[in-house]
Amino acid sequence: MYFRGFRKMVEGPIGSRRVISTLPHLCNRIKQTESEIVQMFRLSTPKGETPNLPTNRSVSQKNRSVRTLDERFIRILKIFKWGSDAEKALEVLMLKVDHRLVREVLKIDVETNVKIQFFRWAGKRRNFEHDSTTYMALIRCLDEAGQVGEMWKAIQEMVQGTCLISPVDLSEIVKIMGKAKMVNKALSIFYQIKGRKCKPTASTYNSIILMLMQEGHHEKVYELYTEMCNEGNCFPDTVTYSALISTLGKLGREDSAIRLFDEMRENGLHPTARVYTSLMGIYFKLGRVENALGLVQEMKEKRCPPTVYTYTEIIKGLGKAQRVEDAYSIFMDMLKEDCQPDVVLINNVINLLGRAGRLADAIKLFEDMESLHCTPNVVTYNSVIKALFECKAPTSEAVSLFERMKSNGVIPSSFTYSILIDGFCKTNRVEKALLLLEEMDEKGFPPSPAAYCSLINTLGKAKRYEAANELFQELKENCGSSSARVYAVMIKHFGKCGRLTDAVDLFNEMKGLGCSPDVYTYNALMSGMVRGGMIDEAHSLLRTMEENGCVPDLNSHNIILNGFARTGGPQRAMEMLTKMKNSKMQLDAVSYNTVLGCLSRAGMFEEAAKLMKEMHLNGFEYDRVTYSSILEAVGKIDEVRAHTTP
């Protein structure tokens, strides 16, 4: 723009040129102005130094090709954008358009659209063609700018063009596209380049595999591994095995993951801490705790130090196996070995201690976090507050910690409020729980089904059914629907207060909204039906539940068993108990005592005695009320027999 104006000013109309040319002082001034503009674009020479002028054309070309970008050219791009003025600046500064110049321009801090225009212009220059280095520079630039559409066009153009693409470039393209969530397009590009331009290396395959893992395409990962092995010259490395073992674990193909681990070692590859950690998680999932702990010993023997992630997996696994003492002991050993814990690990230990009722240890660890160079986060506070409630500590301690959390700048989450509301409900402080629900709403948190569920359940237990129903309706209005668990709680309380029609309507409503009933919902409705004397309907619902793919639990069967015992007579109750045993279901004391009570009421004492013996062998205690009634009944029979015997 500036140069166009300058040329127009110099040239002007033909007539005016003749006039100006006749005025010597004006001619001199024009020449002076032109000289100043040219000087503005020329490279400066430090004071006291003589410029090294090129002695021949070849040296001049070489110097221009390696010359770094002049700040004045960058200013032109920033002020005038890309256009004829910038083109003129290139000429004046004698900057040769080559691959290095293109890469340098794409690095500078100017608008992305200016870079795109320059890239397109350079590609049309005579004797110049973009190569993989310039395309990759543009792709990186567009990725940083978040211009996904332009980036996709550049990648397609690069792939469809004639430039060679290296396996390293292909790996980078895959990573960039994976980050942009363009998984299917990345796979398409991979196969296009693989077929025509380059042979993928293990690193290239790893990029694809890791991208698929991150996006949850686990099935495709194993296909890529098989394809990789079939290449003949491309062998899986440690990264490949690490990704595959983790993926197979997530797919539930634990045996395949273990076989791959063995294959990895057979191929002479040394497992990393990450691989060991993944396999530990698989062993813990399978309940093979000793195998998992054996891997820890192997790591130490192989001089592969366990990381904080390894210790986190061990502590989580031992916690699930109810081996709290072992988990805590390993945590203390970890501290002695100078492995720095992170907040995630400490949160897991606090949660584990809280669930085990070891409140003092949990609080001590929480207070020691500063000395361990860990800052408590919202999850830490949530874990300690939950532990306080679970260990039946005074509610004032939970409230105090909540206030401390806020004063330390840790913002409570929706889960924090849910824990507090549930804790207050369990300690019969319903009004305080309702105030917290209101505070939660004022803070802008979305309605929490868990918090509502606790309140609705507590109000139902207190027989405040209308208040419970009001909260339930409020949740539906605010959320548009509700969770299966909240429906289950409301259905349970409708059944308890005899509003069975309302309970059935809610059950049908949730199905109509696409909210699939879970086992708790079915149990709630069946329990209400049994309470209302609708035993056959409840039994039919149990069969429907199974047909719909919802697996009944022991409680489901105990509900029906209780119905038969109350109104169906001992025969149906015994048949149900036999069916439960034949299904290899693990019976509990409730199952046995329910039938025992039924036999007692029917005067079937011999059958009751057999069942009591079976209970004893299986390690269950008799219900004291039932046992007393049996003894009382037997005593009365003996008394009658004594009086009637001649």
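Just so it is clear, glycine is given a Cβ too, placed from its N, Cα and C backbone atoms.
What TrEMBL lists as repeat 'PPR' is 201-235, 237-271, 272-306, 307-341, 342-376, 377-412, 413-447, 448-478, 483-517, 518-552, 553-587, 588-622.
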Who are the long-range neighbours of the repeat 'PPR' (518-552) in its own chain, taking Cβ under 8 Å and residues 6 or more past its ends?
484-485, 487-489, 491-492, 494-496, 498, 500, 503-504, 507, 510, 559-560, 562-564, 566-568
Taken over the repeat 'PPR' (483-517), the model's mean pLDDT:
88
With DSSP as the reference, give the number of residues of the repeat 'PPR' (201-235) in helix, strand and coil.
25 helix, 0 strand, 10 coil
